[in-house]
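Enquirer: For reference, the structure I am asking about is given below.
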């Protein structure tokens, strides 16, 4: 176990991680600059763009906490640099743990980080983690132009198609995260329903009582409320 962690925490991986994170930070700043430039071109006011930016920042605070917790959980098993790089770029904690487990099982090892988890098994886990998540990137890289052409044609034919597509994609993403709590039941289902209830309450305040300022905070407040619900029921009802 010690040998593979020496490899996992090698300084070369730390250097690679630092380069990747710096590149992502630079890329984000470039996108932000281009977004503000395009916003001005199409007539958006500076106040609206700053408001949208602030909403995005607030909405990502709670998910970022989850990523930090996942990083802390994964580092004793997979070292620091690999989880750091994976969670900074494309990975998610459930996928990374699952993929690492698949890589270990392919080598005949049932548990991550155990006595039999050698450097070879670690390498197998990393390969599965990386290869398993590359397909979405390849599809966007090589097929995005064709997808955009088809999308533009459909939008020109029927403007309602844009709204339908966006709503379907949005609901599809949420459906992925809803499937596991629904099938698992218990605390995960209760947490999901509590978050949905809080969001519904905020939607009522925003739509019926015209509390427009809540739009920026509704998602973050709903996430925090669901987390508090989970902690409350775990401690007091032992779900």
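Each residue, glycine too, has its Cβ placed from N, Cα and C.
Annotations in TrEMBL come from automatic prediction, not curation.
So TrEMBL lists these for the protein:
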- 12-36: transmembrane segment (TRANSMEM)
- 57-78: transmembrane segment (TRANSMEM)
- 121-144: transmembrane segment (TRANSMEM)
- 165-183: transmembrane segment (TRANSMEM)
- 189-207: transmembrane segment (TRANSMEM)
- 219-237: transmembrane segment (TRANSMEM)
Enquirer: Where else in the chain does the transmembrane segment (12-36) make close Cβ contacts, counting only residues six or more beyond its ends and a cut-off under 8 Å?
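Expert: Residues packing against the transmembrane segment (12-36) from afar: 49, 53, 79-82, 84-85, 88-89.
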Enquirer: May I ask for the residues of the chain that lie six or more residues beyond the transmembrane segment (57-78) and have a Cβ under 8 Å from a Cβ within it?
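Expert: 8, 84, 87, 92-93, 96-97, 100, 112-113, 122, 125-126, 216-217, 219-220, 223-224, 227.
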Enquirer: Six or more residues beyond either end and a Cβ under 8 Å away: which residues meet both conditions relative to the transmembrane segment (165-183)?
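Expert: Those are 151, 154, 189, 191-192, in sequence order.
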Enquirer: Six or more residues beyond either end and a Cβ under 8 Å away: which residues meet both conditions relative to the transmembrane segment (189-207)?
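Expert: Distant contacts of the transmembrane segment (189-207): 178, 181-182, 214-215, 218-219, 221-223, 225-227, 229-230, 233, 239.
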